[in-house]
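Here is the structure we will look at, set down as structure tokens.
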Amino acid sequence: MARTENRNALLETTREYYENCPGCEIDRLNEEQRGVPYRNLSYIWIVSLCTGASIHAPSFISFVVNSLSCSLRLMILTCEVISWGCQAKYLSIDLYNTAIFFYQLCQYLHCSHSFTSWYIRDFHIAEREEDIGFYAGFVGSSFMIGRALTSFFWGWLADRYGRKPIILIGTASVVVLNALFGLSTSFWMALSIRFLLGCFNSLLGTIRAYASEVCREEYRSMALSVVSTSRGIGMIIGPAIGGFLAQPAENFPNLFAESSIFGRFPYFLPCLVISVYAVGVLVACWWLPETLHTHDKKVNKRCDSCDVLEASAEESDEKDCVSVKGRKTSQKANLLRNWPLMSVIVVYCVFSLQEIAYVEIFSLWAVSDKKYGGLSFSSQDVGEVLAISGFGLLLFQLLLYPPIERVLGPLPVTRLSAAVSIPLLASYPYITMLSGITLHLVINIASILRNTLSVTLVTGLFILQNNAVASSKSFPQSQRAAANGISMTAMSVFKAFGPAGGGALFSWAQKRQVAAFLPGDQLVFFALNLVQFIGLLLTFKPFLAQPHE
């Protein structure tokens, strides 16, 4: 009996790191390195501030100066990674989180939301101005349909061949397809390119799996916060870039001639800027370490430990060892039967539907004429609002969210964010009654609050989903990306209805300005709040289950 207890204790404490296994190398670094990753936070500040500065530039010269500054800082990071490449085993985990931020920001830097309405107008496919939102919604939905079709496939590939190859492929697709989107000459060409971009950009699940593996356990929540923060900032900064740089020949006639490529393709410049940024991210991500284990860690560890004890073990102990060796490949659990995971995914899908519909509707609402209940904003006005929101979001996520999450926990934070968003959205139709500086001040404050609450909600759901997988011993590392792939597939299906449904709803609402019940845009924001309220209800029992339950 004592011999068996000693053997079990040895099996629990012995940690085997296999040579030439990238996953073991990361585990060893996580075991050796301790402390808060402050360097990660500093790099996030540098990149975000440079991006924010460049899109706030009032002239093209300022834009070039700030872009050069951002490029130089990216070169500094790349040089540091290269110089430390030969000493990869000592590379700080902080830089891994920095690379996660770069990559995730790149994946969500899609600038089309802010100028889709003008793009559709220039294609002359909409017969009336009120129909522009209907066609714009299908452009946004095509991206989500492509992502829904391929998310699980990319997760399966990441579990089989590694996280890094999938990350590089996704980043390369942004470089090529995002630039091609700016060169679209027809509605169907733009629709097809967005669909292809969605097919190759189904990688949020992969990067979430990577973030949970590259850091020590106590910093996984921080790593997932980096993912959600960069995701939110990318969804804000991308449209902001589009709003500032779209139609440069009209906005900067002294710098861009009508006969130039930027005059013939008025939406190519913002797409090109993001593609150039993606090139820098692709170079930096080349030195990312792989985290996938190339062996069955648990079985091999047990077998090797049994071999060490074989000489002193009794016959019963040897049979136990043989039984472990017989299980060369552990039977994978059915992900669909993990109800804590699946319940969080369903809640995440509902909130994602509301989020993408809001993103689509906000730009359409802001640029529509006041006679239709809009704000009559220009593309630059929309870009300014989104950029300020991105800066406010960055401050909140880095300074306020961590202590709030530690005190309240991820689930109460999610519920609180969903509840506060409802009265905030209900006030949007009445903001159109304002004008001048008061209008700009109020809409900026409202946008900061809305985007902060949205990303806070998503961060809490990311943590809950990670806990549902990480807390279950039935799910090995070889299923983590697949689990996140299921989440991405389901979420993308819901989000596919968001832009199309939101655009159609917005188009219909503009035609009923004098209706007796919920006239005009009041109907739009009521529908958004209804979806938000349904998601809030689903965060309570008996629907949402925690891992320990």
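Glycine is treated like the rest: Cβ placed from N, Cα and C.
Where the annotation comes from TrEMBL, it is an automatic prediction and has not been curated.
Taken from TrEMBL, the feature domain 'Major facilitator superfamily (MFS) profile' covers 90-547.
What TrEMBL lists as transmembrane segment is 43-65 (among others).
Residues or ranges marked as transmembrane segment in TrEMBL: 132-154 (among others). With a threshold of 8 Å between CB atoms, the same-chain residues lying at least 6 positions outside the transmembrane segment (132-154) that come near it are 110, 112-113, 116-117, 119-121, 123, 125-126, 166, 170, 187, 190-192, 194-203, 205-206, 356, 360, 364, 481-482, 485-486, 488-489, 492-493, 495-504, 506-507, 510.
Feature annotation from TrEMBL assigns transmembrane segment to 166-187 (among others).
As annotated by TrEMBL, transmembrane segment applies to 193-211 (among others).
Positions annotated as transmembrane segment by TrEMBL: 223-247 (among others).
Annotation source TrEMBL lists transmembrane segment at 267-288 (among others).
Among the features that TrEMBL reports, transmembrane segment is placed at 341-365 (among others).
The feature transmembrane segment is assigned by TrEMBL to 385-401 (among others).
The annotation transmembrane segment is assigned in TrEMBL to 413-431 (among others).
Marked as transmembrane segment by TrEMBL: 437-464 (among others). The list of residues near the transmembrane segment (437-464) in space but at least 6 beyond its ends in sequence, with Cβ under 8 angstroms from a Cβ of it, reads 208, 221, 224-225, 227-229, 231-232, 236, 344, 347-348, 351-352, 355, 358, 362, 366, 375, 381, 385-386, 388-390, 392-393, 396-397, 401, 405, 410-411, 413-414, 417-418, 420-421, 424-425, 427-428, 431, 546.
As annotated by TrEMBL, transmembrane segment applies to 485-508 (among others).
Taken from TrEMBL, the feature transmembrane segment covers 523-544 (among others). Long-range contacts of the transmembrane segment (523-544) within the same chain: residues 343-344, 346-347, 350-351, 353-354, 357-358, 361, 365, 411, 414-415, 418-419, 421-422, 425-426, 428-429, 502, 505-506, 508-509, 512, 515, each at least 6 residues beyond the stretch ends and with a Cβ under 8 Å from a Cβ of the stretch.
For the domain 'Major facilitator superfamily (MFS) profile' (90-547), the model's pLDDT averages out at 76.
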